[in-house]
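Peer 1: Have a look at the structure that comes next, please.
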Amino acid sequence: MELQPNPNSPHVAVNIGSSSANETRSPRVGIDRPPIFVLSFTDITYKVNQTKKLSLSSFTKSSKGDSAERPRVRTLLDSVSGEAREGELFAILGASGSGKSTLIDALANRIVRESLNGTICLNGESLESRLLKVLSAYVMQDDLLYPMLTVKETLMYAAEFRLPRSVSKEKKKKRVEELITQLGLEAATNTIIGDEGHRGVSGGERRRVSIGIDIVHDPILLFLDEPTSGLDSTSAFMVVEVLKKIARRGSIVMLSIHQPSYRILNLLDRVLFLSRGQTVFYGPPSSLSMYFAEFGTPIPDNENPTEFALDQIREREATMDGARELVEFNKTWKRQHPDLFSSDRGDTPHIPLDQAIVGSFASGRLVSGSNGTNSMTVASVRKFTNPFWIEMGVLMKRAFTNTNRMPELFMIRLGAVLITGIILATIYWRLDNTPKGVQERMGFFAIAMSTMFYTCADALPVFMQERYIYLRETAHNAYRKSSFVLSNAIVSFPPLILLSIGFALTTFFAVGLDGGMMGFFFYTAIILASFWAGSGFVTFLSGIVSHIIVGYTIVVAILAYYLLFSGFFINRDRIPEYWIWFHYMSLVKYPYQAVMQNEFSDPNKCFVRGTQMFDNTPIEPFNQSTKVEVLASISSSLHMSLTNTTCITTGPDILQRNSVQDLSKWNCLWVTVAWGFFFRFLFFVWLLVGSKNKRK
């Protein structure tokens, strides 16, 4: 894949040649020109406040009038410095809790800059966040991939996101094929990623796919958080070998790694050992033996230098002073061997940042930030690679592909809705037009409408499972948050139509509801609107709740409150004033009122005739002749003609008695639809303000 530079452009000062999949560039280390990109970091310090957990003793001190303890400040990084250069593999090592991942996050701009002290520069210049997102890629420790997509599809969707529309479909396919070859994934090209229930690629292949989706746009800076974690030695070596090739193609590759094997150590160009956020050793791996020999603990023959170094660090961390002795010795040793760190002092010149970036654009690199023209400047770098509608199309296509390969999920949901409908239909079979039939209809409507919302709870894990995929992709502006929200809503809508039709067909005619075909269509529409509002509500909750069990608890509780205040258990005019606001907030209120009006709006349909008015009264147990006599007596007293066939209560009377006429059925339908949009808007707002990719 190449973007041809414009020979007349004054900005193109550096020519970085592209290479094919079968061609490996020679290392840029030691070439007869200055390196194009150099990342340097000096005195990086990061501190966090740790508040003390609540305990009985803290309450006791508070009751005695003692002042509250100040939060303890913990230093995660303490004056860490180093330099990573194009063509090199830079590894950060240390025991668990040493600060490896924190340093990677700091360099990758995943920590709020105001919380950091020190300087981070590329070619001697600080980077703004927008430009760094174009220049870099970050590979998380966990493999966050869609399980039902194949390796090729996963990389192809990444190419669709990160490469602009000015790059043709054929060139994108060619880039993906080159990437598959580069990552050594030819044998797994058409294999699905897989998960616990679906057999897919191996762990090492998953890790290489995770790397591939973040380097599809050929970034200059590549950060990886423990890419070998959980892999066997062979798979780990293959992953690092791939990273070495990426570095030699002209990238700065920085990774944290726990305990590399001897083979992996030979692939590294620079290593930095940390202990409790402090530098214990920094330099080329080949100098480890000299370092520890001068420290007084020479590395035995045939022992892995990194294992020996980590053992030395752990032994000292168990003491009161920690690894302070090694930290101080590292400072002295660095001054005694300036020849090993000449480049870190700036002795080696490098190309100005603007010129290097423009040259990368001109040669076809960093195309995710290009504007599709041959003449690029740093100022013209775009925040997002593609327009809104292209992002929407790719997101929808990917979601449909992934879900269509798991039809069992929809079938389970459809089965639950149909079984619920069948149970309700058989319980409320062919309801009659009597006072008891009216009560049974109202009970059916309350249960049926609330069921729509409860069955939407299965959407809760969807975003929660995709949360970290979303965070990874939006961290480098692969697509807009608005594109994600809208595509999510569109993809989730077609299944709701099928569920609505299925439930309506199962219950409407079996229960004997009124309204004919027009009534059936409205009944189906309000069910669909209920599904839409319910799925929007659950989608919003999935964004703000981090645990599935907590999410289900909240959903069930809130939906129970919605049903309580819907108007079925207590009429609107009987709800206390201080709770009436919750009645209008209830999602169940509006579909319940809509189906009530759809059923009881006909003034010519009678539900209580003559002696039926005595149902649910003390007179009900008496025989029919006695009821007729009582009815005649009432008729005489009221000077009215009341017979056993006289209509006492019509449908509108029932609506008035239950206080469900404050809105028309069509207004109830539109309000329910509006609730669905409102909750998705809240979901979007939460993604903007509450879903951050940075630590504070």
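Backbone N, Cα and C define each Cβ position, glycine as well.
Since the structure is predicted, the reported quantities are computational estimates derived from the model, not experimental observations.
This is the feature table in TrEMBL:
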REGION    1-27  region 'Disordered'
DOMAIN    54-301  domain 'ABC transporter'
TRANSMEM  410-431  transmembrane segment
TRANSMEM  443-463  transmembrane segment
TRANSMEM  484-508  transmembrane segment
TRANSMEM  520-541  transmembrane segment
TRANSMEM  548-570  transmembrane segment
TRANSMEM  669-689  transmembrane segment
Peer 1: Could you tell me what the rest of the chain brings near the transmembrane segment (548-570), counting residues at least six beyond its ends with Cβ under 8 Å?
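Peer 2: Long-range Cβ neighbours of the transmembrane segment (548-570): 442-443, 445-446, 449-450, 453-454, 457, 460-461, 464, 538, 541-542, 579, 582-583, 585-589, 592-593, 658-660.
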Peer 1: What else in the chain is close to the transmembrane segment (443-463), if you only count residues 6 or more beyond its ends and a Cβ gap under 8 Å?
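Peer 2: For the transmembrane segment (443-463), the nonlocal Cβ contacts are 413, 416-417, 420, 424, 428, 431, 470, 488, 492, 499, 503, 507, 511, 526-527, 530-531, 533-535, 537-539, 541-543, 545, 548, 551-552, 555-556, 559, 562-563, 566, 568, 587-588, 591-592, 595-596, 599.
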Peer 1: How does the model score the domain 'ABC transporter' (54-301) in terms of mean pLDDT?
Peer 2: 86
Peer 1: Would you kindly check 410-431, 520-541, 669-689 and say which stretch has the most C-beta pairs under 8 angstroms to the transmembrane segment (484-508)?
Peer 2: 520-541
Peer 1: Go through the chain and flag residues at least 6 beyond the ends of the transmembrane segment (520-541) whose CB is under 8 A from any CB in it; none is fine as an answer.
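Peer 2: Distal contacts: 449, 452-457, 459-460, 462-463, 488-489, 492-493, 496-497, 499-501, 503-504, 508-509, 513, 551, 554-555, 587, 591, 594-595, 598, 665, 668-669, 672-673, 675-680, 682-683, 686.
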Peer 1: Six or more residues beyond either end and a Cβ under 8 Å away: which residues meet both conditions relative to the transmembrane segment (669-689)?
Peer 2: 481-482, 484-485, 488-489, 522, 525-526, 529-530, 532-533, 535-537, 539-540, 543-544, 587, 590-591, 594, 663
